[in-house]
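A short worksheet on the structure shown next.
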Amino acid sequence: MNIEIREKDDERAVFVVEGVDDTFINTIRRICLVEIPTLAIEDVNIYKNDAKMFDEVLAHRLGLIPIVTDLDSYVMPSECDCESGCQHCRVSFLLKEKCEEGNDSKIVYSKDLKSDDPAVKPVYDTIPIVRLREGEEVELEAIAELGLGSEHAKWQATTTCGYKYYPKIEIDTEKVNDLEEYVEECPRNVLQIEDDTLVVGNIENCSTCRTCQRLSEKDDNAIVVDFEESKYIFKIETDGSLKPFDVLTIACDILSEKADNIINFVNEEE
């Protein structure tokens, strides 16, 4: 298997994978979507809420705030030895804000959540939680714990995770006429003209829409659009709780563990 990185930052990664089949790459995709543990607010104790927003809506909005996840310091509640929650499986956030007299309104943001662990905090500071009017106050405690995307979308580490087959375009340059027309009709600007010859530019931008192939019917099917066997373009974006390649590493570890469990089961049955 060969991997070539095209883009990489703290929230997005694009890379080309070669030498695997779609069953393997789709398994990695599904694990990234629903089996990567992340921190999210699960329980909310509301002590005071003068805002017009219902308690249930407020709690729901808190649950969807992405939280920086430290998998080395926390474990899933089901794997913790405690019975009621402890510092190894839960993180507490306190929120106490008031719109003082003389102010028309005040927006409470995610940055106003105060964590008892400095390393665990909302990924973004400017997520609006609730608007308070003059004299209104909100006070609550929010408890975050690890969970899986298969249980609730708030625990999904990835916002986008998918792949496409690596495109392939074959051009019979001796048959192609009206080169400018092909360039203009390509919606992804893949085709270019170099030295009076129609060539493929950035092939990875191709969506295999086959517009050029249909257009080439007038030129005796001079263009054929297909895809490479066992070669894919994989894209992954996270909500910031984990970095993309951390998600991929964990996904591969999970897949390896599943394979080991099957091997051990088979060996025990023999």
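Cβ atoms here come from the backbone N, Cα and C positions, even for glycine.
The structure displayed is predicted, hence computed values, not measured ones.
Marked as [3Fe-4S] cluster binding site by Swiss-Prot on the basis of sequence analysis: C206, C209, C212. Neighbour list (C212 ([3Fe-4S] cluster binding site), Cβ cut-off 8 Å, at least 6 residues apart, same chain): I169, Y182, E185, C186, L191, I223, V225.
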Inset, instruction - Pick out which of the binding-site residues C206, C209 has the most other Cβ atoms within 10 Å of its own Cβ. - result: C206
Legend entry - Beyond the site residues C206, C209, C212: chain residues whose C-beta lies within 8 Å of the centroid, for [3Fe-4S] cluster: P167, I169, C186, P187, R188, V190, S207, T208, R210, T211, Q213, V225
